[in-house]
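Remarks on the structure that follows.
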């Protein structure tokens, strides 16, 4: 009986943890979207890259989420693997 209760508790905790992760993923900033005011919230595998432009004599920072080199490599290898499988 103790094992059954432990299994149920573990299952519930796992579901709570997974739902929290999926909410974080939904709230992240996708590729090529602005992240100027929230530079830490780009989706996994992305970094916030900033450019500086001069508008009316004043410098302005514009940032956007961009895939990291590691993520680009993983995507290319995954695509190549899918092509080889078919």
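Any Cβ shown, glycine's included, is placed from N, Cα and C.
What Swiss-Prot lists as signal peptide is 1-19, and the listing cites sequence analysis.
Here Swiss-Prot flags 28-43 (among others) as disulfide bond, drawing on similarity to another entry. A sphere of 10 angstroms centred on the C-beta of residue 28 (disulfide bond) encloses 17 other C-beta atoms.
Following the DSSP three-state reduction, the secondary structure of residue 48 (disulfide bond) is strand. Per Swiss-Prot, the feature disulfide bond maps to 35-48 (among others); the stated evidence is similarity to another entry.
Secondary structure from DSSP puts residue 65 (disulfide bond) in a beta strand. Residues or ranges marked as disulfide bond in Swiss-Prot (evidence: similarity to another entry): 42-65 (among others).
In sequence order, 36, 39, 61, 62, 63 make up the list of same-chain residues 6 or more apart from residue 50 (disulfide bond) whose Cβ falls under 8 Å from its Cβ. The disulfide bond annotation in Swiss-Prot covers 50-63 (among others).
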Inset, instruction - Would you count the other CB atoms within 10 A of the CB of residue 43 (disulfide bond), including those on all shown protein chains? - result: 17
Inset, instruction - Among 35, 42, 48, 65, these being the disulfide-bonded residues, pick the one whose CA is nearest to that of residue 28 (disulfide bond). - result: 42
